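Notes follow the structure.
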Amino acid sequence: MAKTPDRAPASHVGDGGETHQTASAPDARLTTNHGAPISDNQNSLKAGPRGSTLLEDFILREKIQHFDHERIPERIVHARGSAAHGVFELTDSLSDYTTARILTAVGEKTEVFTRFSTVAGGAGSIDTPRDVRGFAVKFYTREGNWDLVGNNIPVFFIQDAIKFPDLIHSVKMEADRGYPQAASAHDTFWDFIGLTPESTHMIMWAMSDRAIPRSLRMIEGFGVNTFRLLNAEGVATLVKFHWRPKLGTQSTCWDEAVKIAGADPDYHRRDLFEAIEQGDFPEWELGVQLFSQEEADALPFDILDATKLIPEEDHPIRVIGRMTLNRNPDNFFAETEQAAFLPTNIVPGIDFSEDPLLQGRLFSYQDTQLSRLGTVNFHQIPINQAKGCPFQNFQRDGHMQTQVFKGRANYEPNSLAQAGEDGGPREDPKGGFRTAPVPVQGEKVRLRAETFADHYSQARLFFRSQTEIEQAHLASAIVFELSKVSLPHVRERILANLRNVDETLAQRVADGLNLPLPEASQAAVAPIDLEPSPALRIVGKYPDTLKGRKVAILVADGSDGAVVDAVRAAVEGDGGSVFIVAPKVGGAKLKGGKLLAADGQLAGSPSVLFDAVAIVLSDEGCADLLKEGAAVDFAKDAFGHLKAIGHTPQAQPLLDKAGVEPDAGVVDLSADADAFLAPARTRQWDREPKVRMLA
Ligand code: HDD
C-alpha cells in the first residue's frame, strides 16, 4: 500500500549541496508505486552528470507519468465543489410512512459525506458567482448508501430531463469563444431561458439573493423532485425533502460577491474548512413535507413537475433529524473529487416518483461516473463504498477491480452451499428494495402533461412573497444580467415573459435597461394569484447573533488595545470570531508599545471578506491610512455593503474620506463596544438607497 511520506527521511547531500533527510527503516522509506525503495528523489538517471536522461529511469518515468494523469475529467456540471464528513441523527420517526431504517431509527447516528457546489463554473472557478448551489448528501446507511442529490433552490429550470444538456450548454461558457466562465449573464443562457418559459420560476430564485450565499453553512437544501416513502403495508406517501441551516439563510450583496471573487476565490471553501477545523460544526435540520396522492391531486399544480414547490404554509415542514458536518476530508481528490453521488442510490422504504426530470437523472449520474472515474468499479473507491453495511453480489472483474473474490460461485442461483462451499449472497424478498406498486397506463407518447402547463403562477408567487428589499435586488439582478446580453431580441423576449410574472417587475426591469416594455408573451395558461408565502423570503430568516460571522478589526500603530479587547470580548461573547487586520502582517504597535500580531495584511484582507468591521485607529494611525487606498476602500465597501462599522473617534477622517455617513450602523466604540453588536448581526437595509440605485 502506498505510504504517505509524512515523516522526514535521513540525511543525504544532493548534487546542489542541499542536505536532505533520508530513511533506512523499511516503513519510512520512499518507494515506487510497486514498492521498490528509492535512493534519490532529487536527480534523474543520466549518462554522466551533464548527459541526457536515460529511458531506463523507471523511477522518473513512473513519477512523471503518474503526474501527467493526475486529473480526471471534471464534472460536466457542479464541477466546483467543497465537501465534509459528518453525521446524521434522526430525531422523529417516520415509521408510519416508511420502513427505511434511516428514517425510523430515532437516535441512530449515520455517517454522511456532503458536497456543496456551484453549477456552471469549472473546478477551478470562483466560489461566489450568481449561481444555484448543489447540496448533495451521501448517507452511509445500514441498508446501503442513500444519496439525496439536491440544490439550494427547491425548483428546477426544466420539467423534462431531455432538456438538461441544452440548459447546461446554454449557461456554460459559449461554444465558440470559451467565455464567460461561471456566469449566467450572457446571450446563450438568456436566449434559452426566454424560449423556455417553464424556467421562469427558477429564474426568480436564481436572480434572488439565494444565488449569492454568504456561506455554504448558510444555505437551505432541497431534494427538489418528489419522492415516495413506502411503509410495511406497502402504502406509499409522497414526500419532499428540505434542509434548513442552523445559522439561518444568509446572502452577500452582489457588488460584494463580485469583489470577493477577486479577494478570495475560495471564499466558501475556506469558510467551510476553517469552521470545521475550529470545531464550529455546521448543522442543518432535515425536514419533510408529506402528502397523500389525494392531497397531491387537490393541488393547483402537478407534484411531478419540478418547476413547482409546495408552499410550507399549505403543507408544513416536519423536522425529523439533524446533520452535523464535523470532519474535513483528509484528501481533496480522493474524497471530494472522487465522490460519486447517484439519485439511484436509494434504500428500501424510499422510492422515486414519475417526475420526468428525476427519471432522466436516474440514468445520467451512473453514466457520468463511468467517464469521470473511468470504471464500473467506482463504488469501490473508499468515499463511494457502502460503509454502513456489506455490499455483496456476483458482479465481477472490470477495470480497477480492487476486491479479491474467493470461491467458485460467481452466479446465482447456485447450489454450491450443498457441496459445503460458499454459495454467496441471496435475495431478500422481505427486506430488499421494493418499488411502490403505482398503477401505470396509457399510450407511449412524447408529450408534456397539460398539468405542467402553468409556467408563471409560482414565479409570481415567489416574486410577490419577497420583502421590498429582496424584490429590488431581484429586479436589479435581472437588469444586470440582461445588460450583459447583447442580442436585443433576447432581452425583449425576457421582458415579454416577465409581464406574465408581474407587471411592476417587468416595468422595473425595462426601466433599468432603459428599454420600452414589449407586448406580453402568450402564456399557455393564464397565471393565477396565489397566497404569498413569507417562508420564501430570506430577510429576517437568520438568527439574531453573530454565530458563524466574522468581524474584522482594523488596527495600525498607536491603536488603543483596550478598545480592541472590548470589541473582541463583545464579538466572541456573541458567538462571532475576530480577525485582526493591520497594514503589515507582523502586526501593529499598540498605544503603550505592545505588539498586536495581525491575522491578515490590509491589502489582502478587504472588508468584503467580513460581516462587520471595527476600525480602531489613533490620530497618527488614521493619518497614515488616509494615504492607503486599501484602507479607504475597507471603510467605503463596508458602508456600501450595508455592514456595521464600529470606530474610534480618531478614525473619523478615514470614514469621511470613504464617504461613510452617520447612521444606526455606524457606531462609536469608545462609548460602549456592545452597542456595535446589534447592527453587526444584520445588514443595514435602510442604508441601501443611499449607496446604490436599485431597479
Ligand atoms: Fe444533476 C451533478 C443536483 C438535474 C445530471 N446534480 C449534480 C450535483 C448536484 C445535482 C448537487 C453534484 C453532485 C456532486 O456533488 O458530485 N441535478 C441536481 C438537481 C437536479 C438535477 C437538484 C434537479 C432536480 N442533473 C439533473 C438532470 C440531469 C443531471 C436533469 C441529467 C439528465 N447532475 C447530472 C450529472 C452530474 C450531476 C451530469 C454531473 C456530475 C455527476 O452527475 O456526478 O450526471
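Any Cβ shown, glycine's included, is placed from N, Cα and C.
Curation plays no part in TrEMBL annotations; they are all automatic predictions.
Marked as compositional bias 'Polar residues' by TrEMBL: 19-45.
What TrEMBL lists as domain 'Catalase core' is 31-420.
What TrEMBL lists as region 'Disordered' is 1-49 (among others).
For the region 'Disordered' (414-437), the list of distant contacts is 143, 228, 230, 234, 236, 346-348, 351, 392-394, 406-408: same-chain residues at least six beyond its ends, Cβ to Cβ under 8 Å. Under the heading region 'Disordered', TrEMBL lists 414-437 (among others).
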Requested in this report: Please work out the mean pLDDT for the residues of the domain 'Catalase core' (31-420).
Outcome: 97
Requested in this report: Over the span of the region 'Disordered' (414-437), count residues by DSSP class, listing helix, strand and coil in order.
Outcome: 4 helix, 0 strand, 20 coil
Query raised in the report: By DSSP, how many residues in the compositional bias 'Polar residues' (19-45) are helix, how many strand, and how many coil?
Result: 3 helix, 4 strand, 20 coil
